[in-house]
Each structure stands twice: as structure tokens, then as C-alpha cells.
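Features of the protein shown, as given by TrEMBL:
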ACT_SITE  266  active site, proton donor/acceptor
DOMAIN    15-177  domain 'Histone acetyl transferase HAT1 N-terminal'
DOMAIN    276-327  domain 'Histone acetyltransferase type B catalytic subunit C-terminal'
SITE      189  site 'Interaction with histone H4 N-terminus'
């Protein structure tokens, strides 16, 4: 009996597919992209759709094809597999992969390639939505030429944008760990989109590169505080500097508005923080309050005020900018300068620890005799020193990377 079970288990195990590998995404510009494996990319995540183990059960050789036309993102969806379990014979049912995907992609997709290719021919009519904010170009080694990109600000009143956004946001599920779809009927959302210009048969077409959503929080009495919610540069375009261009453009857009207080972000990822550090330092480095002399005098209210008024940067982010620029101005080979820098950062890092200490001490006074408290505090302090040193080293190496990128910019 038991060996029979393992044979069955073995058989069923062969019918498990990793959904991150099974899902094949494409952004299609030319009909030949459909056959070209080089244009395929896979999700980083699929747990929101297929559960924490990111597995689809019941298929061998499962392929979930999700192809998008590069500009307007018209979608082609098909499922392929070499074999599938059968309830009659195997007494188990295969996962309903199709309905799981249908839950996140909007209706109206193609299911055969001919329809998709004929839509591709109409792509020449697709134009970006909204208002052009910024144009930039990046040299492409492979193509041996400069490629032009444009950033637009759009909203739901742009004809066709609502439907386009529904298709665009499906990418969040595959590339942002905690993604969720937003309520597009709330008018306080702003959308910023990046497009690449490319040529096809002598015409100029536009391809979707990425986007950012920003929510405008109301601040009493007459201000707003835009908060970056989601930001995604599609994988074929990652690592080319588009994120920095987008974030800087968004900052500049809000900087020109007198009603904006400052810009924040919701639950930022590590990568986003690195990106923001780079962009904010780049914006701030020429402010008078960040001159080397002033940096050496320590963090000041002047920095907070100037960064907020001129660049819409909040206090917490201004503090990081100060630390990064002060590192640049500090000769870490000089014992006195480096000690002063270290102390300055650690004083900030220790804030939360001290608060925790006070709370712990309060609790212990109620619970235990004095001498025990002292012993425990001693242990805590040693641990705290190690953790502080570790946090400090980590920060400095992050800051150095920002400064390296800045030197190349």
C-alpha cells in the first residue's frame, strides 16, 4: 500500500509546474517577436495568483503565454501543455489556471495569433496619453544609436486610458511583491508613464516602458502631500536609468506646484530607497545649505526648510541627503573627520534604541529587582553596539554606491 502511494505521489509530483517559469511574457513590436525566445521574460513573483509556493498542479510542460503589444498593451493569452491529469483516471483535478489568469487580466484579449498580429498592424495609431513632461535619450550599445524616451502625465479623463491602465497594472502582480490594484475612480490619483519612441516601416511608434502612480493626500488647510504608491519599469528596460528619470520628472512636476507640501512614498522597497537617494541627492547637491562648510556643521533646520520649499523633500529624506553629501565632503582617512561623521550618524541611529530602552526599563522596574535590570541593560548595550556598528557600515556602503552613481551621472 505504502509503495503504491509513493508511486502515485511520484506521478503527481511530475504534474507540478513552477508558475514563475510557466508564465511567459512578451512585449511585441514586430510579428517575428512572437517566435523569438529573446523577447520572452518571466515574472519575479506569482504568489498573488498561484499561492505562496508558486505552483500550478495538474500539467506537464505548462506554458502560460501572456503577450502584449508593446504600446497599447493589447493582450494575447493562451495556455499550452504536453499533458494534463484527468479526473476519470487520476482521481484528481488539475488547477483551473485559466480562470486564475482571467481574474487579473481584463476581458477582450486575443486567443489566437492571427487576431493578435492584425492588431499589431494598427499599433501605428497608438499615441501616449496625457501631457508630455520630459524627453530624454539614452545611448543603446546594441542598436549603436541614441534612443529617445518620453514621460507623460495622464489621468482617467484621457480617452482610452482607463482600459490601457487595466492592462498595464497586470504587470504589478508579476513584479511587485505586495502589489494591489488601485481604485481608479478616486480622482486623487496621478499617473506618470514612460514611453520609448521606435521606428517601424518608416513610422514612429511608442512602446510602454514603465509607470508610476501617485496619490495626492490632502493636508489641512490648502495643501497636498503626493505619495508615491507604485512604480514599475518593465524588465526589458530595467537597469537603463529610467527609474531615476521618472522619479526626477515627477519631483520636478510637483516642485512647480505651490500647493504641494512635500513628496513621500508608501512602503518603499530597498531598490526604491536607493533610487530615491540618488535622485534627491542629485537635486539637492547644489543648494546653498548643502555647501561643504555647512555640511560639516551638522544637520540644520535651514536644510529642512530649503529642501522642502524648493524641492518638496520631507525632513526624513532631507536628513538622508545630508548624510550622503556629508560623506562626500568628509575625508574618512582623517581620524577626527571620520569620528565626527560616525558619531553624527550613530546619534540618529540610536534614537529608536534609546526609546526602546526606556520602555524596557519601565517594564522591568515593575517586574524585577534592580540588579537584574542592570545586568540586562549591560547585555543589551553590547548587542546594541554591535547592531549599531553593523547598521552604520551598511549605510555607508549604500551611501557610497549613491555617490559612485552620482559621479558617473
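In case you wondered, yes, glycine gets a Cβ from its N, Cα and C as well.
Annotations in TrEMBL come from automatic prediction, not curation.
Note that the structure is predicted; figures quoted are calculated from it, not measured.
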Give me the count of other Cβ atoms within 10 A of the Cβ belonging to residue 189 (site 'Interaction with histone H4 N-terminus'). 17
Rounded distance in angstrom between the Cα atoms of residue 189 (site 'Interaction with histone H4 N-terminus') and residue 266 (active site, proton donor/acceptor): 14
Which ones in the same chain are close to residue 266 (active site, proton donor/acceptor), with CB under 8 Å and 6+ residues apart in sequence? 215, 227, 228, 229
Mean pLDDT across the domain 'Histone acetyl transferase HAT1 N-terminal' (15-177) comes out at 94
Helix, strand, coil: count each for the residues of the domain 'Histone acetyltransferase type B catalytic subunit C-terminal' (276-327), based on DSSP. 41 helix, 1 strand, 10 coil
